[in-house]
Amino acid sequence: MKASMFLALAGLVLLFVVGYASESEEKEFPIELLSKIFAVDVFKGEGRGCKGFGDSCTPGKNECCPNHACSNKHKWCKVYLGK
């Protein structure tokens, strides 16, 4: 009787420890994912020889990256959606 109670208690403790460890990993995963997503700035054209989203430009000079166009009104590169 004492052995079965000890085994049941040890099983519950083990279950608690495993559950806590997996929960802490689950909590860290979204944080790691978000940090990796926001560490990469895909909107900037640095190192590509073209200007990315939000960079200042001169209309008519074709300085913006592909799929971007220089706004005549605001004078910065924006995503070109076409018409």
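Numbering starts at 1 and runs along the chain as displayed.
Using the three backbone atoms N, Cα and C, a Cβ is placed for every residue, glycine included.
Sequence annotations record features per position, and here Swiss-Prot assigns disulfide bond to Cys50-Cys65, Cys57-Cys70, Cys64-Cys77 based on similarity to another entry. The annotation leucine amide is assigned in Swiss-Prot to Leu81. Taken from Swiss-Prot, the feature signal peptide applies to 1-21, supported by sequence analysis.
Annotated features, which come from Swiss-Prot, shown on the structure.
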{"residue": "Cys50", "record": "disulfide bond", "contacts (Cβ under 8 Å, 6+ apart)": "Glu63, Cys64, Cys65, Pro66, His68"}
{"residue": "Cys57", "record": "disulfide bond", "contacts (Cβ under 8 Å, 6+ apart)": "Lys51, Glu63, Cys64, Cys70, Lys75, Trp76, Cys77"}
{"residue": "Leu81", "record": "leucine amide", "contacts (Cβ under 8 Å, 6+ apart)": "none"}
Collapsed DSSP category at Cys70 (disulfide bond): strand
